[in-house]
Amino acid sequence: MSDSCASVEQAYQLARERYASLGVDTEQALARLATIPISLHCWQGDDVVGFEQSGDELGGGLAVTGNYPGKANTPDELRSDLELAYSLIPGKHRLNLHAIYGEFGSHVPDRNEIDTDHFTGWIDWAKDQQIGLDFNPTYFAHPKANDGLTLAHPDKAIRDFWIEHGIACRKIGAAMGQATGTACVTNSWIPDGYKDTPADRKSPRLRLLDSLDKVFAEKFDPQIHLDAVESKLFGIGSESYVVGSHEFYLGYAITRQTLLCLDAGHFHPTEGIADKFSSVLMHVPEMLLHVSRGVRWDSDHVVTYTDDLQAIALELVRGDYLARTHIGLDYFDASINRIAAWAIGTRNMLKALLMALLEPTEQLIAYEQSGDFTARLALMEEAKVLPFGAVWDYHCLKSEAPVGMAWLNKVKDYEQSTLLSREAECSAASVNA
Ligand SMILES: C[C@H](O)[C@H](O)[C@@H](O)C(=O)CO
Ligand SMILES: [Mn+2]
């Protein structure tokens, strides 16, 4: 055993004893953590461009800023980048694909014509990697979404087009779940809304309700496929009104018993999502989370170890909601190395879950039930500086993932060997064109 491994082990043994003195079993926490998959969002790898090669603007009120070199340009490049990212993260995780990431060949189908054949490359790869897949219809970056309306569009022909897209995507999601043996969550998010004050808030919502019912008409075995719906407060160009608001989708998910997707960046700036879980899960079977970090607006920053993130993890553990929650990430940062962005965000999500699993929750609840709120607050604050970092390092070591900053060296090496030459090839191609 190397010196650094020995010191990780020693620090862990001390931490284990410290936690045991508070009645917390670190081995049990680590065993639980190892079973929690995080769904990595493919779109962090290429700035939400996808493989349609349409050249359409991202639109939909979404924006990616930055031009860090090495963006993935092909499915193989994206898979190679993801393989490196997974190797930097302890545990077995999932991949969340958007519909624009199909392998379309020379004849790129329109969105309403895509089918499972366009995703067999991803399915075969996922089986090979032994990871589950999640999926998303892409209701943006398309000429039929240019006016900011899709499933709620007043033009029936445009609505029907997007309904067909939603139906096609659910079939693809079901095929993914069937092939990988783990349920695929297909999440529906649409950009529909208005920049300025609407005169009629009701009609677009009635149209959206009707469109969604058509999209979700076919029922799938929940063992292979689950539906989620995602709300938003506002986007660029939909500042005054979003058809799929939180209230709209909460009601929809409850009445249709779909999953509700809560995106941490989709609420008022000081409104956290953690407080919502205990209410939402009284009424819907399961939740999907898009863990993100809003900065002033829905700017989709890389997930950092914030109070909000800790609140999410603590609530999932305290409420015993992990088995009913699918955790996905949702951010897009092109200003830093994109693989590092996946590694940082996913490792932080896992660190927050570990910290929550190590919390002396039973003791806190006992204090609360006895009315000793002073002791509750005192222990909560002391728990924040317990040696959870030593447990995390040990988890990385045992999971054969890099400990501490070691993962960054691997990213830097890959940047030199692969990402920079990728960029050079691109420049040469554009010079030759
Ligand atoms: C690309 C995703 O579908 C998108 O980020 C969506 O989930 C969202 O959060 C839009 O703001
Ligand atoms: Mn989202």
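Glycine too: its Cβ is placed from the backbone N, Cα and C atoms.
Residues or ranges marked as Mn(2+) binding site in TrEMBL: His266, Asp298, Asp300. The Cβ of His266 (Mn(2+) binding site) lies under 8 Å from the Cβ of Glu230, Ser231, Lys232, Leu233, His246, His290, Gly294, Asp298, each on the same chain and at least six residues away in sequence. In three-state terms derived from DSSP, His266 (Mn(2+) binding site) belongs to neither a helical nor a strand segment and is classed as coil.
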* Asked: When you measure from the Cβ of Asp300 (Mn(2+) binding site), which residues in the chain that are at least 6 apart have a Cβ under 8 Å away?
  -> Leu62, Gly265, Ser292, Arg293, Gly294, Asp330, Tyr331, Phe332, Asp333
* Structure fact -> Three-class DSSP assignment, Asp300 (Mn(2+) binding site), comes back as strand
* Excluding His266, Asp298, Asp300 themselves, which residues in that chain have a Cβ inside 8 Å of the centre of the Cβ atoms defining the Mn(2+) site? -> Lys232, Gly235, Asp263, Ala264, Gly265, Ser292, Gly294, Trp297, Ser299, Asp330
